[in-house]
Amino acid sequence: MTADIHHIGGAPVIIGAGIAGLMTALHLAPQPVVLLSRTSLGTEASSILAQGGLAASLGEDDSPDLHLADTLAAGEGLCDEQMARRVVEAAPQAVENLIRLGTPFDRSLDGRLQLGLEAAHSRRRIVHAAGDATGRELFRALLGVARRTRSITIMEGMTALRLVVAEGSIVGLLTVLHGAVFALPTRRVVLATGGIGGLFCDTTNPLSSFGHGLALAACAGAELADLEFVQFHPTALDIARRPMPLVSEAVRGEGAVLIDEHGHRLLADTPGAELASRDVVARAISDQLAAGHGVYLDARHCLGQKFARRFPAIDAICKHAGIDPAVEPIPVRPAAHYHMGGVAVDAEGRTSVSGLWACGEVACTGLHGANRLASNSLTEAVATAAWVAESVAGTSAGWQWPRLPATVPIRPDPSPIRTIVSNALGIVRNGKSLCDTVATLLPISVCETAAADPALVALLMAIAALRREESRGSHFRSDFPGRDAAALPSRLTLCTAFENAVTLRWQASERSR
């Protein structure tokens, strides 16, 4: 295969230009860094869609210990407690750093930061910007600083196709720009590619978010962690638009309740009610929908005419769909929202492949465990970006001519497998469906088609879900509804996943004889 060599002087390359990628690049300054974005900046970053905000113990009645306790409780035994403590202790300073970078967080009349309450938090500790447009405002501030930072080279429209590895270490990456293939020689690559929501029919993520970074890392030989844990946000706006608009948890934090089509409250007898953990609320709504009922979020009594002022973006989206939240309930359903699993990393974001780091949703730091605490994800991205950048900066630069792969992968498209993934890896799973899905995805994942890389990621997730024969957090198996006494994190490589998949397919063929 031939490709033009694009010389970047051995500078580190960050793949992904959402909040995790931008923060890492800014922390690397004044070191030169190359930032890749598949599209025009801001058009496909999941973090821009974030409404909830950042969680940090900023209130007088709050502390990092309380934030940690809530995080560990939500994670159901699978959080890395040391990493979780490090993140929650760094969170207040991370918010201060964002303020210095120009993020306009909401404040009360006396100038103090407004603190919101969200599900499974014991204190008000969520900071927002522009009410329900935190991700957009944060991204806008960071992008402005990045564009003014001369050490950051932003390459828009460039897609990373494969990482090039020699003797277990990164030596470059293969990219495509306007149909032309380029090789970028570098010994330092940071994955900041976001999540996997685009694998599902119902998602709040950009439809292109299929797990691009997971595919790159897996094909490079990196170890992956906890891939079975997918968080479904309970309250996406139930309209035809994709990605589905989010109805922020903060609406429930202000007192909105979930009702059926008859006005009966759904979670009155559930511990935590509307502010129970997301997996509990999502399963309850899913059960109602499966039984043929409608589910609605009713904010009329708690917010009424104040809804538009408190949640302007949600109000505008609802009204565009013909719904006025001030006077009528909002139709909702769960949607794939966040991936707790990802590329296994250490405390500095290093993966098992030398020269490869991961930051943000694509990374599995151990903070979230089996179920992410609301608004901890932006906090994680901002806090860990500093540690990733420090590690990258402390690693020797240099480059060599990368030996390129024989073929160029096709630009990925997850649309052919969305229904398959949604049916097998949704809120409720079972072994037979997962086995059938593995058998379906295996041949797709090794073909030279646009669905290959998305199928590869889905295959890895299905194998991980099969291997966890229990229900914990966001992973619910109808054939294994109980929770094991021991909480064990899962680890997987592409090689192991393929071995498992081939064995399962052979066993299925033997049974059918």
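Placed from the backbone N, Cα and C atoms, the Cβ positions cover glycine too.
According to Swiss-Prot, the protein carries these features:
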BINDING   17-20, 46-53, E361, 377-378  FAD binding site
SITE      E118  site 'Important in orienting the L-aspartate substrate'
ACT_SITE  R278  active site, proton donor/acceptor
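Sequence features, as recorded in Swiss-Prot, placed on the structure.
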{"residue": "A17", "record": "FAD binding site", "Cβ neighbours (10 Å)": "30"}
{"residue": "I19", "record": "FAD binding site", "Cβ neighbours (10 Å)": "30"}
{"residue": "S46", "record": "FAD binding site", "Cβ neighbours (10 Å)": "28"}
{"residue": "I48", "record": "FAD binding site", "Cβ neighbours (10 Å)": "21"}
{"residue": "A50", "record": "FAD binding site", "Cβ neighbours (10 Å)": "29"}
{"residue": "G52", "record": "FAD binding site", "Cβ neighbours (10 Å)": "25"}
{"residue": "E118", "record": "site 'Important in orienting the L-aspartate substrate'", "Cβ neighbours (10 Å)": "23"}
{"residue": "R278", "record": "active site, proton donor/acceptor", "Cβ neighbours (10 Å)": "27"}
{"residue": "E361", "record": "FAD binding site", "Cβ neighbours (10 Å)": "33"}
{"residue": "L378", "record": "FAD binding site", "Cβ neighbours (10 Å)": "26"}
